[in-house]
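Here is what TrEMBL says about this protein:
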BINDING   E70, E101, H104, E183  Fe cation 1 binding site
BINDING   E101, E153, E183, H186  Fe cation 2 binding site
Amino acid sequence: MAIAADLESAVADNLHRHIEYGREWFPHQYVPWSKGTDFDGPLGGRGWSPEQSTLTEPVRAALVLSVLTEDNLPSYYHVMLHTYGGTGAWREWVHRWSAEEARHSTVLRDYLHTTRAVDPVQLERARMAQMSTGYDQDYQGVLHMLAYSTLQEWTTRVVHRNTGAVSGDARCEAMMSRLAMDENLHMIFFRNLLEQALERDADSAMVAIAEVLADFRMPGHGVEGFASMAKQLSLAGIYSAGVHHDAVVVPFARHLSLLDRTGLGPDGRAAQDRIGRYIRRLELVSRRFQSN
């Protein structure tokens with residue numbers, strides 16, 4: 001926790017910046033309520049059937065994966081509070097981040113329901129399963145969590161934008177663009193702190209980044225049917241190895257000067273070499289995918 005205490009003032013500064021640059025928005029304004037009708041059940045409405053959805057299967061998969069990932073917010077909250085500490089600026093940030101992320105599951109689920117995009121019964125059962133299982137972090141420690149959070153927010157921003165762009169629905173695109181704006185500010189917050197960590201303890205930070213990059217996976221990996229949904233996202237160009245390389249990993253490494261840093265010790269140089277090999281390997285994988 002020493003690094004967490006060392007970064008406390010940077011957290012406070014970046015929290016102030018985050019609030020200053022953030023823009024208040026309201027989930028209900030992005031939901032097409034006029035399109036909604038009662039479902040079957042106590043209200044005696046119309047049951048759901050697949051032909052009611054106007055979205056493609058990959059877009060539905062992306063939206064379902066997004067909302068189920070957001071549903072696990074209570075678990076993420078506890079993991080982050082435990083990792084960063086439950087006092088001071090860190091506590092304020094975790095609470096603020098959680099409050100903003102909670103909007104996402106609200107607007108996503110309301111959109112899915114009003115547009116009858118997916119089976120609401122299956123969606124609710126999936127939510128119950130997801131939240132009952134919870135989420136366990138893959139990494140321990142502040143540096144690993146900062147590296148993971150930066151990559152995760154970066155990736156989520158890209159996925160949201162791409163989902164909206166291929167949705168064929170202007171309302172969906174507006175909603176996903178709004179969510180991507182939030183994720184971008186969250187990413188910048190974590191990235192700024194990761195930069196500060198690199199300035200304070202470059203070797204340890206480089207090791208953490210290399211380890212997180214090597215087996216990075218999204219927090220929704222525990223969703224039932226994740227592998228199938230991930231394949232759909234890849235084939236649709238929403239999130240593939242190529243997207244991960246071009247839109248996430250390369251700009252992440254470039255912004256933090258991961259491959260150009262000097263003054264590193266043996267551990268830092270070994271981590272730097274590992275990062276370089278990973279990026280080259282990911283590029284080869286993405287090229288093979290694109291050629292098939």
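Cβ coordinates are placed from backbone N, Cα and C, and glycine is handled just like the others.
Counting in whole angstrom, H104 (Fe cation 1 binding site) lies 13 from E153 (Fe cation 2 binding site) by their C-alpha atoms. Within the set of binding-site residues (E101, E183), the lowest number of other Cβ atoms found within 10 Å of a Cβ is recorded at E101.
Cβ crowding, taken as the number of other Cβ atoms within 10 Å, peaks at E70 among the binding-site residues E70, E153.
The Cβ of H186 (Fe cation 2 binding site) lies under 8 Å from the Cβ of W97, E100, E101, S149, E153, each of these being in the same chain and 6 or more residues away along the sequence. Counting Cβ atoms from all protein chains shown, H104 (Fe cation 1 binding site) has 23 others lying within 10 Å of its own Cβ.
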